[in-house]
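A.B. asks: Pulled the feature table from TrEMBL, pasting it below:
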type	residues	note
BINDING	His185, Asp186, His189, Glu201	Zn(2+) binding site
Amino acid sequence: MNVVKKAVVGVSKNVILPIAAASVAGGVLRAIGNFKRPDKGYGSVETPLKKYESHVPTTFVQKIAILTGSAILAISEPTNGDYLAAVGDITSIPFLGRLRERMLSDEQGRMILKERPIVTFKTDEDFEKLGELPENSFGYHYYKYMTSQNITYKSRTPVKYVDGSDENEDYEELQYVLLRHRQIHDFYHTLLNKTISLVDEMTVKHFEFIQTGLPVGLLSTVSFIPLRLPADETKELLFKQLPYAHDVAKKAKLLMNIPFEKNFEKPIDEFRKELGIYLI
């Protein structure tokens, strides 16, 4: 009887509840997505119009619903970046202004905010040219990381939910700050010499959190450690990788202020030293 009871509890805990939670979360997100204003925009009548091209205006209540549903789905479907991006959009809103100020206080940061570069390439052939750079260059290492991990430079999700009620705020600039943060994520992996394994990903996420103050990195780490990692990897993460990420993030320059695209030809060891990054 104990065996049967344990089996029932195990199935309920590990199968039925996750499926039910994912179903509820998916339903919430679909309901929000289908709700339109009379002018065919997203949100409610009280919600302001779009503030930038990718903007999906939402009320506070809708943001809470999106945040809750996306957080559940991000845990059940960790390979789907859209859910984590939605969590990042909404939780970052109170912190983007401070991060922007840190960029404005730096000459290179101000230039990035002025020019608003996008991490992309005109053609796939242009991206492939990075693989022809010297093997010790930052660009070559970035190319090898992207190709070895089967990642495309086109994969970063646009910012959708960053907005607010302050009529004097430049929300288009704030969404760019978050977009830049999202697009340079793979440069962090390259410089820290991390793959996309769960331990390495959480290490990079924690590095980002310490550097930027945006909570999505911390939320990712706290959510995934008890749910996804076996004991040995949890130990590796907690006692080696996270302390390393914390220390190197504190010592390094703010990478949001770095024009990575202009440094592809620089030797990667020289670039790391210049940025204050060390490896373990």
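Using N, Cα and C of the backbone, Cβ positions are placed for all residues, glycine too.
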A.B. asks: Name, in the order they occur in the sequence, the residues of the same chain whose CB lies under 8 A from the CB of Glu201 (Zn(2+) binding site) and which sit 6 or more residues away.
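C.D. replies: In sequence order, the residues whose Cβ lies under 8 Å from that of Glu201 (Zn(2+) binding site) (at least 6 apart) are Lys194, Ser220.
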A.B. asks: Other than His185, Asp186, His189, Glu201, which residues of the chain come within 8 Å of the Zn(2+) site, judged by Cβ distance to the Cβ centroid of those residues?
C.D. replies: Ile151, Phe187, Tyr188, Lys194, Ile196, Val204
A.B. asks: Provide the three-state secondary structure of Glu201 (Zn(2+) binding site) computed with DSSP.
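C.D. replies: Going by the DSSP assignment, Glu201 (Zn(2+) binding site) falls within a helical segment, counted as helix.
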A.B. asks: Could you tell me which of these binding-site residues, His185, His189, has the greatest number of Cβ atoms within 10 Å of its own Cβ?
C.D. replies: His189
A.B. asks: If you count Cβ atoms within 10 Å of the Cβ of Asp186 (Zn(2+) binding site), leaving out that atom itself, what do you get?
C.D. replies: 22
